[in-house]
Amino acid sequence: MEEAGAAVIAAGEAELNLSRFSVSPETLESELEARGEERRGAREALLRLLLPHNRLVSLPRALGNGFPHLQLLDVSGNALTALGPELLALRGLRTLLAKNNRLGGPGALPKGLAQSPLCRSLQVLNLSGNCFQEVPASLLELRALQTLSLGGNQLQSIPAEIENLRSLECLYLGGNFIKEIPPELGNVSSLNYLVLCDNKIQSVPPQLSQLHSLRSLSLHNNLLTYLPREILNLIHLEELSLRGNPLVVRFVRDLTYDPPTLLELAARTIKIRNISYTPYDLPGNLLRYLSSASNCPNPKCGGVYFDCCVRQIKFVDFCGKYRLPLMHYLCSPECSSPCSSASHSSTSQSESDSEDEASVAAHRMQKVLLG
């Protein structure tokens with residue numbers, strides 16, 4: 001037996017390392033059964049089981065009854081196409097590492113995962129380097145999950161139900177084929193690290209500004225041409241990676257503007273003129289509509305908008321060295337038009353305010369990676 005197969009006891013914690021065990025699956029199964037029997041009469045419970053690079057095509061059956069106290073299981077670098085029902089017997093499992101396998105087809109995860117004790121215990125899940133084309137629905141029910149890694153798969157999208165993972169602190173989805181970031185991701189308020197590099201993402205939703213705990217945002221090697229102005233509201237952001245995006249090398253402007261509806265014009269008038277009303281004066285849908293007003297960021301304007309606004313890209317100074325294109329939303333084309341001295345003054349003031357905001361963000365941020 002190789003030295004790697006020896007049980008390691010350190011600081012009162014038991015670890016069984018069978019990495020690259022170089023035996024047949026049947027021999028490995030027998031070894032695990034024997035170790036499980038040993039542990040039943042031992043004082044130390046086995047907490048960590050390492051089985052990477054063993055050519056496993058399925059989980060060992062011995063997992064189902066020999067390791068009730070296991071907290072970490074590593075089955076990376078095997079040939080697994082499914083994680084079987086043996087996984088559900090590990091009621092206290094906190095960390096599951098199953099990267100670089102062949103998982104991704106129907107039945108890749110055991111039935112009943114969302115209803116099992118793992119839903120309450122599993123905190124770290126690494127499924128990177130597999131073949132998933134979509135995030136399995138059962139993963140979105142693991143409410144205790146703190147780290148989820150699905151990098152290097154074949155994901156086409158991020159489901160809106162990602163917002164169910166309210167304990168998530170680290171989300172790694174780099175190296176996929178994702179085109180859009182769902183606004184619902186902004187509801188995962190506990191996120192500290194978000195990795196979306198090496199995808200096909202074209203825009204960042206302003207709702208990501210709700211991730212007030214976010215410290216690192218990796219967006220390099222995508223198709224971004226601008227950033228939302230709200231990105232400056234990420235008050236704890238320390239690292240922003242943007243290299244390999246079109247926004248680094250060219251300026252993009254979008255001034256398309258559809259005229260507001262009569263409903264919006266009336267609502268704008270009520271807001272701008274401060275016309276008083278009470279909850280008893282209007283139907284509930286109109287009250288909700290009026291409460292959804294957004295203030296025009298131009299300080300000389302004082303206007304508001306609802307569904308209709310001008311989307312405009314502006315460069316702002318960042319870190320005293322870079323000029324990043326940020327998305328602005330203005331209430332009308334006149335707000336940004338240079339035709340009159342008043343509007344030109346408004347635009348200049350608006351740009352100045354944006355640059356001030358950027359300088360504050362630059363003071364917070366330690367790394368802006370553009371190249």
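Cβ coordinates come from backbone N, Cα and C, glycine included.
The shown structure was predicted, so the numbers you read here are calculated from the model rather than taken from an experiment.
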Can you identify, from 22-41, 342-361, the stretch that TrEMBL calls region 'Disordered'?
342-361
For the domain 'Disease resistance R13L4/SHOC-2-like LRR' (122-197), would you mind checking the mean pLDDT of the predicted model?
96
Could you count the residues of the domain 'Disease resistance R13L4/SHOC-2-like LRR' (122-197) that DSSP puts in helix, in strand and in coil?
15 helix, 12 strand, 49 coil
